[in-house]
Amino acid sequence: MAKDLQVLTALDVAKTQLYHFTAIVIAGMGFFTDAYDLFCISLVTKLLGRIYYHHEGALKPGSLPPNVAAAVNGVAFCGTLAGQLFFGWLGDKLGRKKVYGMTLMLMVICSIASGLSFGHTPKSVMATLCFFRFWLGFGIGGDYPLSATIMSEYANKKTRGAFIAAVFAMQGFGILAGGMVAIIVSAAFKNQFPAPAYKDGALASTISQADFVWRIIVMFGAIPTALTYYWRMKMPETARYTALVAKNLKQATNDMSKVLQVEIEPEQEKVEEISQGNDFGLFTKQFLRRHGLHLLGTASTWFLLDIAFYSQNLFQKDIFSAIGWIPPAETMNALEEVYRIARAQTLIALCSTVPGYWFTVAFIDKIGRFAIQLMGFFFMTVFMFALAIPYTHWTHKDNRIGFVIMYSLTFFFANFGPNATTFVVPAEIFPARLRSTCHGISAAAGKAGAMVGAFGFLYAAQSTDPKKTDAGYPAGIGVRNSLIVLGCVNFLGMLFTLLVPESKGKSLEEMSRENEGEDENGTEMRASGRTVPV
């Protein structure tokens, strides 16, 4: 059976080597682009409003209408969700490596095309941008299940969690790169082409060269991704796919002998034994009996986490304005606004978002996925309620720094918590022939939650007083009530975490139970040791 295969045992016990770190960089570049893209578009939406939606004589600079802003920011989410489902399924059908190249090329081409969006009217430019951002998201979506699956199937038992989490943590570098590129490009153009503040010269405050600024920022994300294409194509197919799905033990042994630089026996006679009792499909009775609750656990926790995680971005504008990092829009020119927004968001990322990722990498194989996820949801719940219940206290000028610290801590415990573990666990607990598909389903549930968080709460967080809402938005339930709802969402995440098994220190075959067969009566032979914490 699978547990007897020397090639898989060799991978499980292999010492940490150069190929592990090479795999992290190659797989992580997709997440670098993912974070860069989602982050950089939020830096340039204000600029897009000034360029394409300027109204003569208006007291404030132009801004994207709510429906256009939602489309520009949200269309990539829709593409990502579709890509996660499609490429997740395709990765199990055709193999990880074949599909991996497709997703990367799609990301590179659509990143560049997004920056070349054209049209005679503002509406046509935004429509072209949205079209290419959907397909960019589609490619990024494919990277989620494939990168996680490839890293989990290459890693050893001892440090597998840290390696998969490190791939995901490349998002942190993508966020920082997005901020730094926006700062450098906007500063360079600002110095070269001085312009007055909006209140001193409405039309002159947005220079014609500003149109190049957002295009350069959007396109830059394609460069590091394109550089890894060669190495992606050089990676051999994972041994677990070749042996357990394609049933080609000889090829798997040859590939891993080169990678690990050790002699491994082919064991071709075990091919039939591998699949005995492990040929059930997705959503069959046997799948639901073995993995149904696990899939519910991974999908629901990712869904709930992303509602809370992506809705937190809604409060950034209030925070930045409150602490004076971003002055009123009319007191700045277009490029000054890009510079200020990029600087503020990069500082928040540097102080709270990025450290959280690497705390997970450091501790995931020491204290386990289950403990980190439960702890993360717990502290996110605590901090959300701590912000919500005395909300009027935090709005006073003297308490604003405290509000920023509390806000930063929710981001920290999202990343040193469920934001990382919801990505890691689905790559470890499902059978090889369904691993990529199940990870894609879990990730797609997460993106559905992201859409609820980013857009549902964009409307919900509006003031209950119609006179105080943002332009174009109806009255909502207010920020305080929104924070209370988000606290409840995080608490639900804690409860659904109880469905997620602990995979620390176990092989993929132990977790997926591919090292079990069926006896002559067709009943399952269960491996010793429970997987679900109680």
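Heads up, the Cβ atoms here are built off N, Cα and C, so glycines get one too.
As recorded in Swiss-Prot:
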TOPO_DOM  1-23  topological domain 'Cytoplasmic'
TRANSMEM  24-44  transmembrane segment
TOPO_DOM  45-69  topological domain 'Extracellular'
TRANSMEM  70-90  transmembrane segment
TOPO_DOM  91-98  topological domain 'Cytoplasmic'
TRANSMEM  99-119  transmembrane segment
TOPO_DOM  120-124  topological domain 'Extracellular'
TRANSMEM  125-145  transmembrane segment
TOPO_DOM  146-163  topological domain 'Cytoplasmic'
TRANSMEM  164-184  transmembrane segment
TOPO_DOM  185-210  topological domain 'Extracellular'
TRANSMEM  211-231  transmembrane segment
TOPO_DOM  232-290  topological domain 'Cytoplasmic'
TRANSMEM  291-311  transmembrane segment
TOPO_DOM  312-343  topological domain 'Extracellular'
TRANSMEM  344-364  transmembrane segment
TOPO_DOM  365-369  topological domain 'Cytoplasmic'
TRANSMEM  370-390  transmembrane segment
TOPO_DOM  391-400  topological domain 'Extracellular'
TRANSMEM  401-421  transmembrane segment
TOPO_DOM  422-440  topological domain 'Cytoplasmic'
TRANSMEM  441-461  transmembrane segment
TOPO_DOM  462-481  topological domain 'Extracellular'
TRANSMEM  482-502  transmembrane segment
TOPO_DOM  503-534  topological domain 'Cytoplasmic'
REGION    507-534  region 'Disordered'
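Within its own chain, the transmembrane segment (70-90) is flanked in space by residues 34, 37-38, 41-42, 45, 48, 64, 99, 102-103, 126, 129-130, 133-146, 436-441, 443-444, 447-448, 450-451, 454-455, 458, which lie at least six positions past its ends and keep a Cβ under 8 Å from the stretch.
With a threshold of 8 Å between CB atoms, the same-chain residues lying at least 6 positions outside the transmembrane segment (99-119) that come near it are 29-30, 33, 37, 83, 87, 90-91, 125-129, 132-133, 135-136, 138-140, 142-143, 146, 150, 214-216, 218-219, 221-222, 225-226, 228-229, 232-233, 235. Across the topological domain 'Extracellular' (185-210), the prediction's mean pLDDT works out to 92. Most Cβ pairs under 8 Å with the transmembrane segment (441-461) belong to 482-502, among the candidate stretches 164-184, 344-364, 370-390, 401-421, 482-502.
Between the transmembrane segment (370-390) and the transmembrane segment (291-311), the number of CB pairs under 8 angstroms, six or more residues apart, is three or more, so the stretches are in contact.
In terms of DSSP helix, strand and coil, the topological domain 'Cytoplasmic' (146-163) has 13 helix, 0 strand, 5 coil. Beyond the ends of the topological domain 'Cytoplasmic' (91-98), by six or more residues, the same chain brings 142, 145-146, 149-150, 153, 232-233, 235-238, 241-242, 245-246, 433-437, 440 to within a C-beta distance below 8 angstroms of the stretch. Counting Cβ pairs closer than 8 Å to the transmembrane segment (125-145), the top stretch among 24-44, 164-184, 211-231, 291-311 is 24-44.
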